[in-house]
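These notes concern the structure reproduced below.
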Amino acid sequence: MSETPTTEAPAEQSGPALADLQDERLINQQSFSAVASQFVHRLRGGELGSLPVIIGLIIICTVFYAIEPRFLSSFNLVSIARFAAPTGIISLGIVLVLLLGEIDLSVGSLSGFASAVMAVVVVDNGQPVLVGMAAGIAVGATIGLFFGLLRTRIGVPSFVFSLAGLLAFQGALFYVLGDKGTITIPASSSLVQFAKFGYVPAGLSYLLVLLIAAAYLGAELLNRSRRAKAGLANSWLPLPLVKAGLLAGGLVFLTYYLNVDRGWPNVWALFTVLVVVTDLVLRKTRWGRHVFAVGGNEEAARRSGIKVDRTYVTVFVLCSSLAALGGLMAAGVLGSVSQNSGTTGLELTAIAAAVIGGASLFGGRGTAYAAMLGIIVLQSIDSGLNQINVDSSVRFMTTGAVLLLAVMIDSVSRKARTSSGRG
Amino acid sequence: MSSALAHETPVRDSVLSLTGVTKRFGAVQALTDVHLDVAPGEVVALVGDNGAGKSTLVKIICGVYQPDQGQISLDGAQVSVGGPRQAQHLGIATVFQDLALCDNLDVVANLFLGQEHHRSYLLNEIQMETEAWRLLRSLSAKIPSVRIPIAGLSGGQRQTVAIARSLVGKPKVVLLDEPTAALGVAQTAEVLNLVERLREQGLGVILVSHNMADVQAVADRICVLRLGRNAAEFRVEDATTEQLVAAITGASDNVVSARMSRKDGDGNV
């Protein structure tokens, strides 16, 4: 099958042509060479996807491993995953906001505020952890609703109201904590047990990883059979098989490697579930389609009958809720809430992660996986520099340089897209 | 020939009919007692100079503005068009001048934007893709792939997608606002073919254009607006460019009227 260099002619000869291949100029992906040339064509056209960040990650790993082999140890990778996850959850919300071409600068201090609310409810008032977490997330959702209404009803730019939020929620954090300064969450509480000491059991983690790969393959094959039934062309058959194989192999190896130490952290598993669900919702539902449409051309979206305001409000609610959840997880990982919670440039790390992962600052471009890839890059740099005992001043500068590089790649690929007519 | 046609169908059953439409913005009388009829399978061109009220009329038909006075009837029944969405429901589809496409989305996503096919909560991509090919083929349109972003298409292809999108809701009337304004020669011809194909499908087409050549190439009737009033109406066979220009500009000292008056003068002597 892969020997067929071009499949243009056969479509004409062999009986009824597939609905989408009746014109010889149509792009098809039915052979290996077609898939490969399509891939090269996309890269030339500036559709880089996740390629730069993956290359970047490989470079980072190689460099740090060369200097300090402990960087790639199971222990360190588990730590990276555990500390990256809370910020990653916040960054996931940022990806949603960026897709609309908006920004939310308040996620950092909001996450601190929400965790302080949770800590006060749980520790000071003796309520169950779940009640405290619900209170924290409710605070986030309410603030998101308020933001959404500010944006849609009054028309305040998101940069401004979220900047105001950044200051206000920091004040709210101090106010809620009172003069105590720090609230320690008891190690016996289920949140700390989950986030700080919780790991996915080895057997379960293998099962889950294989289930993920099987689900991917199953969905692909189901889609292919449906397309074939509807008379539409499918891409080269081995492609989904190879992808599923690579996915399964990679995940099983990672799981094995992490299980040498403590295994997948619970918080990272939670983060992964959130990313996968968000990705599916963005790609497979009407709401997700509308988010991309509003981010791409708001006026067009409005004229085609999309409820633009509702899209804005739901996205801001989701972003703030995810920020609150991220704050709660950070509190769980650290085991305490203090006046520093979420205030040390956390919002900038979250935004930087989303952008490094490939979400465009200009709206309409990006995937949920941007949050995951971006936060892995940032946390790896942080951890690596920490391991080789570099001063924190250098760490900040390095992170800044990486962010600049990511935005430069984004801008250059934008130019390539424009010149090759891919907008 | 043209008069015979007019006798055969003195009042064709119009699919969309506007009577006595008046619209005022503050001190500006944008439209005064305007009427317009479109029959199924008929292309009516709406022409006029800048400020003649074309855009206002278009916006009234597609529900963006409400008329101060006057009636809009669809298939003989009086309707009020409350907004763009309601216009779509009634069967009035509009292709805006700026096309209103999302560059970052692919052709299928753009075609079904706002009216996606879905099963429970999930998008039904396969059904949409099949339907997209059917629509594009019904217009004999050439699009390299329905899965590439709109940004990768040429101006004419984008126009094709925009027109195909107007057909998604099974409309009765399609309103095209300056569809050829930004296109080259070949692409303009392609879009004019599309307009003819809409007519063959039995749709009423309202074509707003500045380009007399395009109008004369595809329209059955030409409706001229000037200063917010119906200035003239031509069957396309009867109309010369000079007459159209005269009606649009309202200038009586143009070539055509000069010739007419000279002839009249000769006859009297």
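Yeah, the Cβs are placed from backbone N, Cα and C, and that goes for glycine too.
Remember, it's a predicted structure, so these values are computed and weren't measured experimentally.
Features reported for this protein in TrEMBL:
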type	residues	note
TRANSMEM	A:48-67	transmembrane segment
TRANSMEM	A:79-100	transmembrane segment
TRANSMEM	A:107-123	transmembrane segment
TRANSMEM	A:129-149	transmembrane segment
TRANSMEM	A:156-177	transmembrane segment
TRANSMEM	A:197-219	transmembrane segment
TRANSMEM	A:240-258	transmembrane segment
TRANSMEM	A:264-282	transmembrane segment
TRANSMEM	A:312-337	transmembrane segment
TRANSMEM	A:343-362	transmembrane segment
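Same-chain residues lying 6 or more positions outside the transmembrane segment (A:79-100) and placing a CB less than 8 Å from one of its CB atoms are 107-108, 111, 158, 195, 258, 264-265, 267-268, 270-271, 274-275, 278, 282, 291-292, 294-295, 311-312, 315-316, 318-323, 325-327, 329-330, 333, 346-347, 349-351, 353-355, 357, 359-361, 363-368, 370-372, 374-376, 378-380, 383. Using the rule of three or more Cβ pairs under 8 Å, pairs at least 6 apart in sequence, the transmembrane segment (A:48-67) is not in contact with the transmembrane segment (A:197-219). Within the chain carrying the transmembrane segment (A:197-219), a Cβ under 8 angstroms from the stretch's Cβ atoms is held by residues 78, 187, 240-241, 243-244, 247-248, 251-252, 255, 258-259, 262-267, 269, 276, all 6 or more beyond its ends. Long-range neighbours of the transmembrane segment (A:129-149) within the same chain, counting only residues 6 or more positions beyond its ends whose Cβ lies under 8 Å from a Cβ of the stretch, are 104, 106, 110, 113-115, 117-119, 121-122, 158, 161-162, 165, 169, 189-191, 312-325, 327-328.
The transmembrane segment (A:107-123) shares more Cβ pairs under 8 Å with A:312-337 than with any other stretch in the list A:240-258, A:264-282, A:312-337. The list of residues near the transmembrane segment (A:264-282) in space but at least 6 beyond its ends in sequence, with Cβ under 8 angstroms from a Cβ of it, reads 78, 81-82, 84-86, 88-89, 92, 95-96, 99, 194-195, 198-200, 205, 208, 212, 255, 258, 288, 291-292, 322, 329, 332-333, 367-369, 371-372.
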